[in-house]
């Protein structure tokens, strides 16, 4: 293992002539594209000495290259001014675009549209439409060449820096200059946007870094002066510092306040690009026809190394770059697995406080170190999951708590830490972080926009499988076995599961139970699931969702295949039920427990003895007609029962005499049948919890679009209803873009047979139709505008998608109205609203 703060990863000959430009792929940080004077564009896998692709076709030297967001396209600008767009999968030219009169020295793709921008030594900045194969706008204003340009993360502005020492901000919608910054005294060489704030950093040949407020267009401050010009700069993903690449060193600045924290001598010469990946800074430089790849371990630099040690007591100081990370080589996944400590098994602390769904997320979903104690507030430890980096809870999604939840939390806090087993319980007290500042996803029409909408964290908006850290799911199942053998272990389990369930697990060997045991609420069953690690779930479309915070798609899928025959629960019901001893006291009570909380088996009392009689036909058909949310998981999960079995006896008070000759084998079958169904119920709760955890990861990053996309892949009506209930209470996130993604889910949920699901669905539909219905119907009937308007085109596409879904929903309403039930009133309101907006 390399112990240096900075080292050269590799150096290779990239072209037969001088290298002019290069770019690192931002999505994976595993690929590199270079352009040279030999008229070639070469694609490289970082760590490999040979090119993956060599693209021919340019007639002059390549002066600029860049990847698109998916790393499937490369744009290359040549000295002749020609730009070629390459499809890397097909290894061919997709577009050849001409228009610049001189060298094209900078290119940048729009973050989510099919557009890209180019800057040239002819002083012009051009916007190109990939679909229309041409330039759609030219911005003039620079007096010298345009060296660097970047789209803002929300895609509405583009910022350019030129050799005239000026930084210009252009509004793409209005097609005009918004503002220009003229404080630099040398040519602009680099710029970057803060991942969370409306802030721009610029680096110049005048050896300074300047920070600009993009709301007020004021200079916040300046860092430097350095010994050489600032060739590259990038914000750290936590947003607290900016990394500046100089001629042969790296400087780390904070912007609030502006000061230099650290400097690292690296050795690169003509630094051309930098990117932060997995706690490492990757820098690429070129010299003549060679390219060098350099790595700086940010966990060994200030302020990241200092902040990592304070993660428990000061969550706001935790830096994502201070975590254990893997080196950049072919065995990176093995290194990651090796570095994850055993104590970093994440406990799912997701509860349901009501049967149909208000999500209550514990304020601390990260694992606690062994020595962490409850301090009256949420403790945060370092997580190896790149999806969870200083999450900002979205208001009520993580704040729904009942008094019982708080009460249980205090009880857990008083008992101290539990055991060292996989059943670790994170000790938290009264919810505090839920009352923190809610991050609001802004409306598309808002004048002051937040970059968090398009880039809520430092991670790219496209989530890649490689972004997940693998965690090995434990295969051993010792806990229940120990519980049945050792009374001491039962004490440990007693602290992690409700008393009613604890007594059943402990006493099932001797088949005794308390009389008239109360029904178990859903929350009690979920509490039991909290003490058990959740195995991954595989959906029919091939996507595997990890159950742990640090789980990976690949590892979870592999583990799931190896354990297909295993139920989600940590134990098999037959292993809990043992044959009673021959001298079993007949005066002891038989278990009277039913997994369906709305009905119970018939009881009889004879001669002071309580027996439970469950007929064989009842055992065969007890759970045959449960109605629950649709689940497509391959494990055959059963969802939470919500309706009564038709073949159960209705009255508790009916007493049926029992023969004395019931054998212990039949008693064992009865209990095994009951407990077996209970395991299926618990496994369905595990499945539901795992799915909700996946949604929560995106939600914590304010990535609403990917949250909705993941729910759609799960195809589980219960999960859809849970999340839609929260969305319904957060009107500020119901933008037109969100509406486009939500409507297909709502259309699918209308097919549910559960009134509670329909109620949630119709309430949200009513709100969406009132908000956007009139806009959608009026826009589609209006004449098309003259000229090119990117925003208008995208808006019309969303309107069309919403219109199609609205028509599908209107077709479903008559059949729902015939059902009568509790949703009839909402249906009537929805019909009237549709008539109003479409008239």
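Note that the numbers count up from 1, one per residue, in the order the chain is shown.
Glycine is treated like the rest: Cβ placed from N, Cα and C.
Summarising the annotation, Swiss-Prot assigns compositional bias 'Polar residues' to 307-334 (among others).
Per Swiss-Prot, compositional bias 'Polar residues' is recorded for 375-385 (among others).
Here Swiss-Prot flags 411-435 (among others) as compositional bias 'Polar residues'.
Positions annotated as compositional bias 'Polar residues' by Swiss-Prot: 501-533 (among others).
Taken from Swiss-Prot, the feature compositional bias 'Polar residues' covers 589-602 (among others).
Summarising the annotation, Swiss-Prot assigns compositional bias 'Polar residues' to 630-648 (among others).
Here Swiss-Prot flags 14-54 as repeat 'WD 1', drawing on sequence analysis. In terms of DSSP helix, strand and coil, the repeat 'WD 1' (14-54) has 0 helix, 21 strand, 20 coil.
For the repeat 'WD 2' (57-96), the DSSP-based tally of helix, strand and coil residues reads 0 helix, 22 strand, 18 coil. Per Swiss-Prot, the feature repeat 'WD 2' maps to 57-96; the stated evidence is sequence analysis.
Secondary structure of the repeat 'WD 3' (99-138) per DSSP, as helix, strand and coil residue counts: 0 helix, 22 strand, 18 coil. Sequence annotations record features per position, and here Swiss-Prot assigns repeat 'WD 3' to 99-138 based on sequence analysis.
Residue counts of the repeat 'WD 5' (184-222) by helix, strand and coil are 0 helix, 22 strand, 17 coil (DSSP-based). Among the features that Swiss-Prot reports, repeat 'WD 5' is placed at 184-222, with the record citing sequence analysis.
Taking the repeat 'WD 6' (225-265) as a whole, pLDDT averages 90 in the prediction. Look at Swiss-Prot and you will find 225-265 tagged as repeat 'WD 6'.
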